[in-house]
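Taking it in order: structure first as structure tokens, then the write-up.
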Amino acid sequence: MDVQALLSFLVGVVVSGLVLGFVYAIIALGYTMVYGVLQLINFAHSEVFITGAVVGFEVFRVLATAPINGYLKLIIALLSAMIISGLLNVLIERLAYRPLRNAPRLVPLITAIGVSLILQDLLRILEGFQGRFDLTYTLPQGFSNTFCGSTSSCAAFGSFLSGIGVQLQIKEVILVVVAVLMLALLNYIVNYTRMGRAIRAVAQDRVTAGLMGIDSNRMISLTFLIGGALGGVSGVLFGLKFGTINAYSGFDPGIVAFTAAVLGGIGSIPGAVLGGLVLGVIQNLIGVTNILGSLLGIANLQSIDASYQRIGAFILLVVILIVKPTGLLGRSNTEKV
Amino acid sequence: MKKSGLITLAMVSALSMGSAFAQQTIKIATLTPLSGGQSDLGTQIQNGARLAVNEYKARFAKLGFNLQLVGYDDQADPATGTANARKIAADRSILAVVGTLNSGVAIPASQALAPSRVAMISPANTANSVTDRGLKNMNRIVARDDAQGPAGAQFIINTLKAKKVYVLDDKTAYGEGLASEVDKALKAKGIQVVGREGTEEKSDFSAIISKIQLLKPDAIYFGGIYNQVGVFAKQLREKGVNAPLIGGDGYDSSELLTIAGEGAKGIYFTTVAAPIEALPAAKTFSANYQKTFKKPAQGFGAFGYDAAKVALQGILDAIKTNKNKMPSRAQVETAIRKVKATGLLSGNVEFNSVGDRKAAKMYIMSVGDNLKFKLAETIDVKAPRQ
């Protein structure tokens, strides 16, 4: 095995890890925003996310034969998922968390797990009535093609990409573009608008913000709306990338994204993004450790294969938390008070 | 008490003496799901057995016996199946049972039939423990689960001519067992296994696919179930890997085609359930079946027919050894284990000491360009014991 082949293999692995990382990143934002404002781990977020994925599936299914542009279908899917997941998240907050706002912290956490289980089975029933369980996305033509294939106008760029070992599909490029747009939009809302300032004020001190004339309940609902909408988008992107989802497939990415949020420093928006990307890359690298081990002649690594992906991510989390308990970009709590 | 017992005894002997002069009834039973989700398959087996009984009626009549078929329903449920097996054991005129569809039902049902020595011939059960328990009454005419791995490996070596193979499994007892068998069989033939790993992952196979792209295997074996394998196949093909993907009967679902879509091309799997078109001798049978039941015959119908013919052959042999008199259940049990049935739809049937078919067949199905399953190859498999 020559060095060039090894390098391009590694580049390919890192790039596909980054693509995966963007999905984790925007799921992680849903956790981090709610945590930032309420100090609540919204475990129902993985189901809000998979609801978005189911909405996306339904939109693509209904529009499968409609004579409209594939990108328009995608936009319709994204918007519907944003609206439904966002409203669902607001509803969850109103029914399950608000009545418990002054209860000890453990109580809403347990409620969140309960909501998560209820939503899983609701989705299962909804699709089950139509005789479906594993939902397979019917994507518009061309989405699965390789980005910059040989026939397209950017052939030179395409051959450069494949030369360095990067093989992207159009849908993966869409995924990254949409994720980056969402991140930019969120950054703008939180940091540069009145609404964002109000949300940050509530996050810092709910009571004082109330005294300043900010309706904290409204701001909390708004936070849940934005968090849910991000969840909806990430659900559609997840479906786009992997093709098949079911009512229970939110749990896995949900847990990884939560880990990403903690890794980056929960409550911090750039931290969630960084955590997501790091976890995506780490997972993919651990998945290929056995091959690297055999290529580099390190026998001990050869038994670490793809089944260790998740464990590796969690070991990394533990290490980071020992070294820097607030996470990569987190600030310590005392600053907040 | 003693007196009434004596009277009953007298009555029973009088009755049996009476029937000795009339035509005696011999029944064979089917034990299959006739209601519930799998009733379609169960009815196929029963219908197939009925055609066999109709064919043999005249030969039994010549010997002075009235041959009948009785169908029992197991609802694909072990408890119901066992309860019905006890009813079968209580009906002394039933000499053999064709069934069941599910291994989970066959195991307790054959246990329930064993003390009364009622022979069972299964047209469908594949679990190793169906015969590995060594019951005298349990036989089967399909290949066992442990034949799948070697058959898959044989196909990879002989037909696909692969030199480098990547072996995956889903970390379940089923998938891992299958993949280890293939791994062993490949290595024994000097084929290079370039990768061997398990994954519980259901959606993201990117790391594994990167490795496959690097190692460029000629074939990929994945011991798993269609819903996981379908996603894998889709992502694999999207990344431009076109190496054939092989697995076991866990792939046998049209859902595989839905999930994998275009990615299903180049998928192969081993199964014991042959499609009816795969059986060269089944033309007349198909026509008869269509005429009698007004429905097209399917694979399980043919296996039900074959199993019933083996049972009837065994009973005829037992009648012969008993000098053309009504044989006992024990005699039938022994005769069936020793049966040499030729010219069946699925070939010749002989059992080994535990009731496995000495030479069974494994069928390799493939996914064609029209995204439908079709028969690619038939592989002869030997029972692990002769």
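Any Cβ shown, glycine's included, is placed from N, Cα and C.
In TrEMBL this protein carries:
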type	residues	note
TRANSMEM	A:6-31	transmembrane segment
TRANSMEM	A:43-64	transmembrane segment
TRANSMEM	A:70-91	transmembrane segment
TRANSMEM	A:103-123	transmembrane segment
TRANSMEM	A:143-166	transmembrane segment
TRANSMEM	A:173-190	transmembrane segment
TRANSMEM	A:219-243	transmembrane segment
TRANSMEM	A:255-275	transmembrane segment
TRANSMEM	A:281-299	transmembrane segment
TRANSMEM	A:311-330	transmembrane segment
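Taking pairs at least six residues apart, the transmembrane segment (A:43-64) and the transmembrane segment (A:281-299) share fewer than three Cβ pairs below 8 Å and do not count as touching.
The transmembrane segment (A:311-330) shares more Cβ pairs under 8 Å with A:255-275 than with any other stretch in the list A:6-31, A:70-91, A:173-190, A:255-275, A:281-299. Against the transmembrane segment (A:255-275), stretch A:6-31 has more CB pairs under 8 A than any other of A:6-31, A:70-91, A:281-299.
The transmembrane segment (A:70-91) shares more Cβ pairs under 8 Å with A:219-243 than with any other stretch in the list A:6-31, A:219-243, A:281-299.
Scored on C-beta pairs under 8 angstroms, the neighbour of the transmembrane segment (A:281-299) with the top count among A:6-31, A:173-190, A:219-243 is A:6-31. With a cut-off of 8 Å between Cβ atoms, the residues of this chain six or more beyond the transmembrane segment (A:6-31) that come close are 41-42, 45-46, 48-49, 89, 163-168, 172, 175-176, 179-180, 182-183, 186, 227-228, 230-231, 233-234, 237-238, 241, 253-254, 256-258, 260-261, 264, 266, 269, 272-273, 275-285, 287-288, 291, 295.
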